[in-house]
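**Student:** The structure's right below; bear with me while I get my questions together.
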């Protein structure tokens, strides 16, 4: 089981709810993934009027836990206000905190992120911060009250997969007891399996499923890959070697003279 703050969940796949072809496709993807947590943008759905109300009803029917986010926020003030509105709407202290600092890369504004995390933690929120793989920033987020960290593996929506495996491995090694969720940049199930093999606790993704030719099938593929990566990590895979090592023992080999 994965423990996030005071909640235990069985699935290690967190699924975003944006950009699906239809509500029916989203619902089927959630079911096939067997996810227990979905992320929701309050700003996007609130702007949808009646459609937003239908969306919220669909989420309730699926019986999953909602992790609201502050997607699209570019300032501390904006992110804090959105988080407070989300708490009122969804009646949860959970918030996926995003403070975007760069329009092209959608890279987090790590200075604003830490400040917003400190404010929200002080007001009783349980913060899931979308951050980079910078260890110093991560330490400051923990000092600000975060008990979960969500480093990216590549820019949002890029589908590039882990662009800096060494940094992700170092992040895991530096925070062995902190729940770590890879967020952003995952494009294929093999990417998800790879980060789980590094020892990460979960993967959050959206575009890789919503933008697939068959989102429901892709959601299931990701769920299987995440499970496989987790099992592989627990099984302690072999480390790469520079030289060949024979897999067949030579004991008992016939000797010809």
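Just so it is clear, glycine is given a Cβ too, placed from its N, Cα and C backbone atoms.
So Swiss-Prot says this about it:
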- 96: active site, schiff-base intermediate with DXP (ACT_SITE)
- 157, 184, 185, 206, 207: 1-deoxy-D-xylulose 5-phosphate binding site (BINDING)
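Looking at the shown structure, can you explain where the listed features end up?
**Tutor:** Residue 96 (active site, schiff-base intermediate with DXP) falls within a strand when secondary structure is assigned with DSSP.
In the three-state DSSP reading, residue 184 (1-deoxy-D-xylulose 5-phosphate binding site) counts as coil. A C-beta separation below 8 Å, combined with a sequence spacing of at least six in one chain, links residue 184 (1-deoxy-D-xylulose 5-phosphate binding site) to 106, 130, 152, 153, 154, 155, 156, 157, 158, 204.
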**Student:** Please classify the secondary structure at residue 207 (1-deoxy-D-xylulose 5-phosphate binding site) using three-state DSSP.
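**Tutor:** For residue 207 (1-deoxy-D-xylulose 5-phosphate binding site) - judged by DSSP and reduced to three states - the answer is helix.
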**Student:** Cα distance, residue 96 (active site, schiff-base intermediate with DXP) to residue 206 (1-deoxy-D-xylulose 5-phosphate binding site), nearest Å?
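**Tutor:** Roughly 14 Å, rounded to the nearest whole number.
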**Student:** Roughly how many Å separate the Cα of residue 96 (active site, schiff-base intermediate with DXP) from that of residue 185 (1-deoxy-D-xylulose 5-phosphate binding site), to the nearest whole number?
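**Tutor:** Pair distance, Cα basis, whole Å: 16 Å.
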**Student:** Across all protein chains in the structure, which of the binding-site residues 206, 207 has the highest Cβ count within 10 Å?
**Tutor:** 206
**Student:** Far apart in sequence but close in space: which same-chain residues, 6 or more away, have a Cβ under 8 Å from residue 185 (1-deoxy-D-xylulose 5-phosphate binding site)?
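**Tutor:** Those within reach of residue 185 (1-deoxy-D-xylulose 5-phosphate binding site), by Cβ under 8 Å and sequence separation of 6 or more, are 152, 153, 154, 155, 156, 157, 158, 159, 160, 161, 162, 163, 191.
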**Student:** What residue among the recorded positions 96, 157 has the most other CB atoms lying within 10 A of its CB?
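**Tutor:** That would be 96, with the highest Cβ count within 10 Å.
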